[in-house]
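In what follows, a single structure is set out as structure tokens and then discussed.
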Amino acid sequence: MVLPAQFVNVIVVGAGLSGLRAATEIHDAGLSYVVLEAMDRVGGKTLSVQASSNGTAVVDLGAAWINDSNQSEMYAMAKEFGFDLVVQRTEGLSISQDDKGQMSLVPYGIPANLTSEQLGELSIFAQGMQQYIDRSDLENPHLGQDAVKLDSMTALEFVQSEFPAKIATTFTYTLVRALLGVDPEEVSALYLVDFIKSGTGLMNISSDTKHGAQYLRNRQGNQNFAKKLASKLKPNTVQLSSAVKSITQAADHCIVRTQDDKVYVSKKVLLSVPTSLIPQIEFTPRLPEPKRILTQSTKLGYYSKTVLVYSEPWWRHANLSGVFSSTYGPISFTRDTCVPEMGQFSLTCFHTGETGRQWSKLDAKGRRKAVLDQFHSAFGTAVESIPEPINIIEKEWTKDPWAQGNPNPVMMPGLMTSAAGQSIRDRYGHVHFIGTETSYVWKGYMEGAVLSGIRGAKEVIAALQRNETTTQQPTSIAATLLRNETTTQRPNSIAATLQRNEKATSNMDQRPSSAAATPEYTGSSSSVAATPEPTGPSSAAATPEYTGSSSSVAATPEPTGTSSAVATPEFTKVVASGLDRRPLLAC
């Protein structure tokens, strides 16, 4: 049974950070809205759970880090919401495991078992990569000086041809798995270069220190960002467990139907769904060919966590940083995720790329045994007796039906320079696309998610202000519903109607021209509430940063930064002085 339709100005699909941040902008503009989320919670790929039954402290199973220098949107929200930020531990000895399984113990920031010759080769690789990154075009990656070359090969092929030293290949596996959850043979070299540039460069994106992607954690848990954003919205405007099944467009409205046959009608739709999950939604008329190719060609990485919770920080007592890195698997790397003030002591193990996929094939008992065996082998090089954890928490994002991977979809060679790749931010009629992968900066991270939500909200607000001054329901809605949400118009004629009624919003994507050259870019009730009154300007609306995600298929989260922001080993003394004095990689 189809329930009566509800009309709003804007439907937001996805209650992750991008969708909720967009909704707050729409709320502040005085427009009516509803947010449809497939999951039974808000937050998307941010997920904070209780660390143990012994207290109230939480651990993050999704996106984990922000910083206070070049992720200004997230930092501003952290201050607004009164969150306590914890600096990531970077003290003590670290542990490294090579591809043969051999362990070594070294000071934090120093790569293990590398000769002076290998250190030199790694420095050449880092400087060479940064040159490609510097030459790339952040706003239009397909127009960069090396775009055609880089998009003709995988990241692995590129590194092996440009930097033949074995250490460069080994490091590339570590880097790509940590950043994207895939192996370097699964992603375009151009996509990798663009992703790193969006994170303000090789050193910052891989660093746990000041300016780095992994610098600050949130004592209250990052899912609380989403909860706080949702609390700013009118009651009953966030509908959970509301997976979107179809989106039908007519000349002056959209009809969105959920899997439980609720119907919503709006003038605009903001879709915060990873491109690789968009095919789960039926579009009428169908998406344009470039957008269809894009959604069928991107791939989500494998990204999971196992959190080991202890009654005390025994590794700190042994002067260990809590950092372990491995190309061997099933653990790719670990980080200290303690909150001592709350008596929460934990080490988080990350499982990424192909080694993570193979680990995922084991049953629950086998996965736990594999993690503990490798963990004890690694930390046993420095500690004679490792205590048993008081709790073990596992999250496999790939097995979550509304996430299916982390942190965001990647592109294979040939896609980014094609019309399909270039269409990632293009609207289709009344449907606008947001999400961390659409961000110009910090794509794959919470910062990118929020920036994309701001961009999308500004697009639809501007379009509505240009073309529509009333909230009266379109007269053609009833007829469209009676046609079972299909249309007798040919797709081409509908597109023409849309083009006549609404000018392209490409001007909403303009970024400061100087930003690309800077080293750091600062930058279930079925009722829908009546149009909210404006609550004042949003502080984010005035930001000069790139507007650049979150979740949902009907709502999928957005790391991710699952973002999930993640760290890779930090080789402090490898980079030549011409690059930077900050650490390159965080081991």
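Heads up, residue numbers simply count up from 1 along the chain you see.
Positions of Cβ are set from backbone N, Cα and C atoms, glycine also.
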According to TrEMBL, E37, A38, V244, E437 bind FAD; so which of S18, S52, S53 is the extra one listed there?
-> S18
In DSSP terms, helix, strand or coil for A38 (FAD binding site)?
-> coil
Would you give the longest CA-CA distance, in whole angstrom, between residues of S18, E37, A38, V244, E437, the set recorded as binding FAD?
-> 20
In which DSSP state, out of helix, strand and coil, do we find V244 (FAD binding site)?
-> strand
Provide, as an integer number of angstrom, the distance between the C-alpha atoms of A38 (FAD binding site) and F350 (substrate binding site).
-> 26
To the nearest whole angstrom, state the Cα distance for the pair V244 (FAD binding site) and F350 (substrate binding site).
-> 31
If you measure between the CA atoms of S18 (FAD binding site) and F350 (substrate binding site) and round to the nearest Å, you get 24
Give the distance between the Cα atoms of E37 (FAD binding site) and F350 (substrate binding site), rounded to the nearest whole Å.
-> 27
Just counting, how many other CB atoms are there within 10 A of the CB of V244 (FAD binding site)?
-> 27
